[in-house]
Every structure is written in C-alpha cells, then in structure tokens.
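Right, one structure below, let's go through it.
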Amino acid sequence: MSRTARRDVAMLLIGLLAGAGALYAFQDRNAPVSGSLAAERGHGAEGGHGEEGGGHAEGGVELDDTRLAAAGIGLETASPGTLRQKLRLNGLVQPNQENVVQVTPRFPGIVREIRKRIGDKVAKGDVLAVVESNQSLTTYDMKAPISGTVVDRQVGLGEYASEQKPAFVVADLSTLWVDLSVYRRDFPRVRAGDKVAIDPEDGGQVIDGRVAYVSPIGSADTQTALARAVIPNDGMRLRPGLFAVGTITLTEKPVDLAVRTSALQTIDNRTVVFVRDGDAFAPRDVEIGDRDAEWAEVLFGLMPGDVYAARNSFVVKAELAKGSASHEH
C-alpha cells in the first residue's frame, strides 16, 4: 500500500472514532438519571413545598384548637339574628326624684336628739330626730316617710328646726334616672318607650332600661334635649352625679341568617367568611344584606349551623395568604 493510501485510511478511522464518541455523549446526556440524584430531583419537583405548606389544606388553611386559642380566634355558629340600629348618647346619673322626699318638722322647735346621719339606711317610720315644739313645749319624733338613704341633713343638735326648711332628705336609690343628651339631628329618632342600655363605664355589664321621658324643650346652653331613662340600681352600683353612656335601640329587624361583622374578610374583591370543617378553614363567598355595628345579614353562601371564624378572622386570612405565597415559589 502506498503512503498516500495509508494516510487516507488513517483519516477515515479517526473520523469514525470521533463520530462514535459524539453519539455516545449525546445518548449519555439524555439517558434517565438513576440512584440518589434521581431521587433528589424528584423531591425537588414534587415535594419542594411539602414542609413549607404544612398546615395548608387545598383552598384553605388548617388550624387546630391549640393554634386557634393562641391566635385568639373565636368561633361562632351561623344562625338567625336581629339587626339593631342604635344611637349612643352621653348622660348623667341622677336620683329618681319621684323617690326623693324632703322631711320638714311638723312644728318649729329645738332639735333635742339626732337619730340618723347622712348615709344611714332607714326604713319607713324610723325616727330621724326628736324635736321640742315651741308651741306645746313637748317633744315629738320626726320620722322617715319612706325607706331609703339619708342623703342630706340641714339641722344639728340644739339648733332651731323650722317648718319652712327641710331638716332631712331621704332618697330611695333602688331606681335612678339617667339624663341623656340628644342632639338636634337625632330629635325625631328618640321616643319614650325605646329600649336603652346604660354603661356606667365601670367594667361591668350594661344595665337595661327604657326611655321614660323626652323633653319637648331644649337647652340653650348645650343645644340638646333631654331623654330620661329609668333604670334599676341593683347593689347600689350606680352613684348619682356620675357620667354614664346610654345606647338607645331605634329599630330592630329579624333576619334568617346572620354572622358577626368581624367575620367578614375581602379576598380579590370578594366578601368571604372562613368556615370550619374539622381543623380546616376554607373561604366561603357570601352575599351580605343589611348590617349593624355587630351583625351582618347573610343572603347567600352560608347555611344555618355553619361554624365560622368570628373573632380575629384576619389571622386565618393571613395564614391563607402565607400558604398561597409559599406555593408560588
């Protein structure tokens, strides 16, 4: 074989070997990955959000009782309710003047004994003082005409008691007046007989009563009119002379289904309520009708008996948003 022929054969062999190597490399790159590397890639594709999304149900969020308590999430049940239109007014606690009696001597004279002092509880007929009459020079008893508390005394031992001036004031404080200030714009809305809840702002429960009287005359100084509520004073909780707040119920509307207004949240311009199923909360689209400060009428989206997040429902919304964000990565 000539030198030229040998060179041509060598070049042909080199070309064949290079082509075989390229084909092997191409097949190797596209071959399935095996062993731990394949498992690692599979975990990244399928389970990358497994731990991050833990606690998030499909379309909702899972919160057990422990997490609910820690977040302060309160649950309630969707049920029929009553919507109330209310008016909040400032007021002043006053003695019930129908139960306040001024005690005056029957005859003028000198006070020989003082039996009761300011703050003493008295029963009807108890002796308040003993007076010596100037006319007969005999003594007589000045008695309490009603049961109650001695709230004022204008005579002292040895002083002259006149029939023209009250010696004692006795008040029955078991019921009180709360005089509420009604502004001009609210005059037509407040009527005698309206329900009213009085809050003494002492941290206790409100006291229910009724508006007994609405004054036809306004105050030139305050430009308000008076609405007077009569309320019980159990345990002598209230003190005349102190401020209180009254909330008058103006209208009441029964509805077939209601939820707390605090339960309403907005997602993508939709009003939703988070309904519980087991430990999972899912957003439920709702259509809302009338509402007041506390309750909202549900026209569509819930059923009576549905348990929902009423208090701190925004926490559930935040958890749902957190889960959605983690699944987008």
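Every residue, even glycine, has its Cβ placed from backbone N, Cα and C.
TrEMBL lists 38-60 with the feature region 'Disordered'.
Residues or ranges marked as compositional bias 'Basic and acidic residues' in TrEMBL: 40-55.
When pLDDT is averaged over the domain 'CzcB-like barrel-sandwich hybrid' (100-172), the result is 95. Residues annotated as domain 'CzcB-like barrel-sandwich hybrid' in TrEMBL: 100-172.
Here TrEMBL flags 175-247 as domain 'CusB-like beta-barrel'.
Summarising the annotation, TrEMBL assigns domain 'CzcB-like C-terminal circularly permuted SH3-like' to 257-317.
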Three-state composition of the domain 'CzcB-like barrel-sandwich hybrid' (100-172), taking helix and strand from DSSP:
0 helix, 36 strand, 37 coil
